[in-house]
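Visitor: Below is one structure. I have some questions about it.
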């Protein structure tokens, strides 16, 4: 080999090493340069964006139940249901945002468009509150109720909050996945950072809400709703500026096309070929070498299970002779395409088991606040806003994220290495631990409610200090919810992102968000059923307007029991689950050199 040929080969190797291995591109559509794009510089920009967007969201959401009762005159059960439905809708929109991102827009464009909708909704809410809803001036605090509102004013309020739901919901799954995209999973030096990103993502989400749950919450609880909403609008706008400012540094994956079409082709092809018997030999499956058969990203290997779908990729002798020229994608699909469908089907049972956990989680924004509002909330002349108690949830998340990454996980890994196992606590195990802690949180809340009722004044539905039990007795239940989030939601984000096919990464993150959504809807359903059953024979019910005449403790015990049943179902599903298999070779680094 001549010196010129050696020089060209070295240049080619240098270019390969400069570019990422996962196929990401830069802002201009060129292969992403490893040194100048992505990694923690881009990720930190996105974490700041996430923190500011979350501050804005919780500036509205954390006190929405009190806004509905004080400003719009809704009772406790109606307000709790409306908050649950609204929060659920936020995360339902995450599926819509993920679909557009994976199929057509890409994650950067999706994040930008939905953030613009989000900022617009917050500005509209601020204007509606300041100009129309807070009448007479100064109403909306604990003492002064607002007047009646016209249908137009109520409609304007709901249009604005559901614009916020659309904007934040469509943005949320994409920003999580877009942040993970900044690290090359095929580079062993960057892969650990990708795993760590989800912990810091959830931490930034909670730290962003800390300001909302303390400072903004205090102003809103004191009746300064317009100020709180304008602060949220300003925060979301600042987050959008941060996001757009980092455009040149981001890494991007190309869109994969409409997954609904790919899934439909597999179902139709398998149905048309129902007479063909599946084979155990992988070499009879169509590998998909033509453009129309490719799914996004890496090829996927055949796995057992859902054998009916294997028929869609089985090649007959006639098709083997002329597979490229005449292949009909509605009669013959690639094995990667079939495995993409199988992968989603395997994720669904795990996902379903996370919904009831979200029922427990959503109590923090509704029933916990109402419970705290019926406790002693004063220290001297200073009043603690009930919603600000969620700051203890945030502090619990922040401390446990670092404790888990720096202490718990390394200790478990060392212990498992002694037993000959390579990894620490698996993602599925972490989610199971989260369910166990959620049960403990509900039991703690129920015990606190028993004592709150013991010291309650039954004839004091709205007066200050309707129970002499201090609101700080809620600290354990908030802290336990925070601890469970680190295991459940961070584990969920990692699990769904890792196990989702390459062309459906945003959808994987959206599954996590959608479990929160359905948890809110299920919570609303449970509250409605409980109130209907418990209010028979002229009884006040478990969650009446005056909690001193109810039995909120029984509601908490009910949720604890349902979560235990959910844990049993989850363990069965986790044992059944089989992980995704990719067909590429793993590249490892030894002595600072790439080796296959």
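Cβ coordinates are placed from backbone N, Cα and C, and glycine is handled just like the others.
As annotated in TrEMBL:
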TRANSMEM  40-67  transmembrane segment
TRANSMEM  79-100  transmembrane segment
TRANSMEM  112-134  transmembrane segment
TRANSMEM  195-212  transmembrane segment
TRANSMEM  224-244  transmembrane segment
TRANSMEM  347-369  transmembrane segment
TRANSMEM  389-407  transmembrane segment
TRANSMEM  428-448  transmembrane segment
TRANSMEM  555-577  transmembrane segment
Visitor: If I count Cβ-Cβ pairs under 8 A between the transmembrane segment (195-212) and each of 40-67, 112-134, 555-577, which range comes out on top?
Guide: 40-67
Visitor: Answer with yes or no whether the transmembrane segment (428-448) touches the transmembrane segment (224-244) by the criterion of at least three Cβ pairs under 8 A, sequence separation 6 or more.
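Guide: Since fewer than 3 Cβ pairs under 8 Å link them, the transmembrane segment (224-244) and the transmembrane segment (428-448) do not come into contact.
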Visitor: Looking only at the recorded stretches 40-67, 79-100, 112-134, 347-369, which one has the largest tally of CB-CB distances under 8 Å to the transmembrane segment (555-577)?
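Guide: Against the transmembrane segment (555-577), the leading stretch is 347-369.
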Visitor: So which of 40-67, 79-100, 112-134, 347-369, 389-407 has the most C-beta pairs under 8 Å when paired with the transmembrane segment (428-448)?
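Guide: Result: 347-369.
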Visitor: Counting only residues 6+ away from its ends, which parts of the chain sit with a Cβ under 8 Å from the transmembrane segment (112-134)?
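Guide: Result: 53, 56, 60, 71-72, 97, 105, 140, 146, 149, 153, 156-157, 159-171, 174, 225-226, 229-230, 232-233, 236-237, 239-240, 243-244.
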